[in-house]
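Read the structure below first, then the notes.
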């Protein structure tokens, strides 16, 4: 002790005692960390949805500023003019003349070739157009009409139904899914091909696809009659919903049959059938009363227009360099039908035996692919009928579905180039980067094949022209995409049976 006192360096230490309450506050303040919102938490579903919708609307508006199909390209223009022309026809002519060739309705100039609900929808838009500016829908003289105000109206007419028909069932599905991941949720809602086709090229696919998604939601929740009515509405908006008709029919039939109560099963099926027939009659009543129903059917199912349009990634186009050497003209429609049924049969068989929700989703996607690959009069846009049900499988088959969605984006690029919207490639590439940066597992083989697809797209833009084969790059894209689609169809067909073994 004496030594310490002698040591001048040593000084007594005094400890200041803090107020206990104050010290607790200091400790709590130091230990307090910045709050981080966990978007994967179920309680934050609304925040995730709002965030995605804000990004989605920005994308739609940005896409809408780009050229539309056939912009300033007389005499036929494009799909944008087709939609405007149908408003012109329906609002100016009596209903019995909508599908008939006549003085004021030249069917060779974008004649109406979709079912009645499409016609009714365009009549409603035509009435609104007529009230805003009569020049937009003046009979004959409005052909090829283009203006900034009219383009704004048309673009909004495609965006609004997306939020009314398409998004609600899709959001309902994902927000109630136990496996819902925010990134997968975002990838599903921001799927580029639908946005580019509806808001760029210009169509109203979101209406029929939204009705289809609503059909799925109601059928899987055992509201069979409502689901059946909604599907009839989807089918009568766009006849391409026939792609989904077989799985919908098989699912309803399989779930309605009860071996222990055959009479009740028969009564249930009969009731559903009556509602379906009744809905069809109501929709078609004006054409039945005017005796023009047959003319509508002829326009809606144009078997004389060939197996495909443009350079589409269907089997018939992709392998045309072989098929055109075979004498198939007289039997091609029968071969087409047989191939569609063969491609659909495996998943449909399992669906009938095991009508689970997952198998329903698999069958909808597989059958959609089978129709796209092998059916009659296929367009690039019809790949959406396989892609949208695939969105419902993104949680279960993440790697496969993300690969598939990226290939579908590549498959429609030739259509975008035709519309002078090559900038869409940047959107597709951004989607590819995000989809593989934030999801797992990442398969190198998938990434490499997608990069090959992008290389083909770049060649289509900047590659040297070939006078002998002027469409070589478009055909390369079609072949590349078609081979992938065949693989996806086979994979889903085998996946159906694997599920059967487990169950």
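Backbone N, Cα and C atoms are what each Cβ position is placed from, and that goes for glycine too.
As recorded in Swiss-Prot, the features of this protein are as follows:
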TOPO_DOM  1-46  topological domain 'Cytoplasmic'
TRANSMEM  47-67  transmembrane segment
TOPO_DOM  68-151  topological domain 'Lumenal'
TRANSMEM  152-172  transmembrane segment
TOPO_DOM  173-181  topological domain 'Cytoplasmic'
TRANSMEM  182-202  transmembrane segment
TOPO_DOM  203-211  topological domain 'Lumenal'
TRANSMEM  212-232  transmembrane segment
TOPO_DOM  233-239  topological domain 'Cytoplasmic'
TRANSMEM  240-257  transmembrane segment
TOPO_DOM  258-268  topological domain 'Lumenal'
TRANSMEM  269-289  transmembrane segment
TOPO_DOM  290-332  topological domain 'Cytoplasmic'
TRANSMEM  333-353  transmembrane segment
TOPO_DOM  354-359  topological domain 'Lumenal'
TRANSMEM  360-379  transmembrane segment
TRANSMEM  383-403  transmembrane segment
TOPO_DOM  404-420  topological domain 'Lumenal'
TRANSMEM  421-441  transmembrane segment
TRANSMEM  444-464  transmembrane segment
TOPO_DOM  465-474  topological domain 'Lumenal'
TRANSMEM  475-495  transmembrane segment
TOPO_DOM  496-503  topological domain 'Cytoplasmic'
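Tertiary neighbourhood of the topological domain 'Lumenal' (404-420): same-chain residues 66-71, 78, 187, 191-193, 196-197, 200-201, 310-311, 313, 380-381, 383-384, 386-387, 390-391, 428, 431-432, 435, 449-450, 453-454, 456-457, 460-461, 473-474, 477-478, 480-481, 484-485, 488, selected by CB-CB distance under 8 Å and a gap of 6+ residues from either end. By the Cβ criterion (distance under 8 Å, sequence gap of 6 or more), the transmembrane segment (421-441) is not counted as touching the transmembrane segment (152-172), fewer than 3 such pairs being found.
In terms of C-beta pairs under 8 Å, the stretch of 152-172, 182-202, 212-232, 475-495 lying closest in packing to the transmembrane segment (47-67) is 182-202. A Cβ distance under 8 Å defines the sequence-distant neighbours of the transmembrane segment (475-495), meaning residues of its chain 6+ beyond its ends; these are 311-315, 317-321, 343, 346-347, 362, 365-366, 369-370, 372-373, 383, 386, 397, 400, 403-404, 407-408, 410-411, 413-414, 449, 452-453, 456-457, 459-460, 469.
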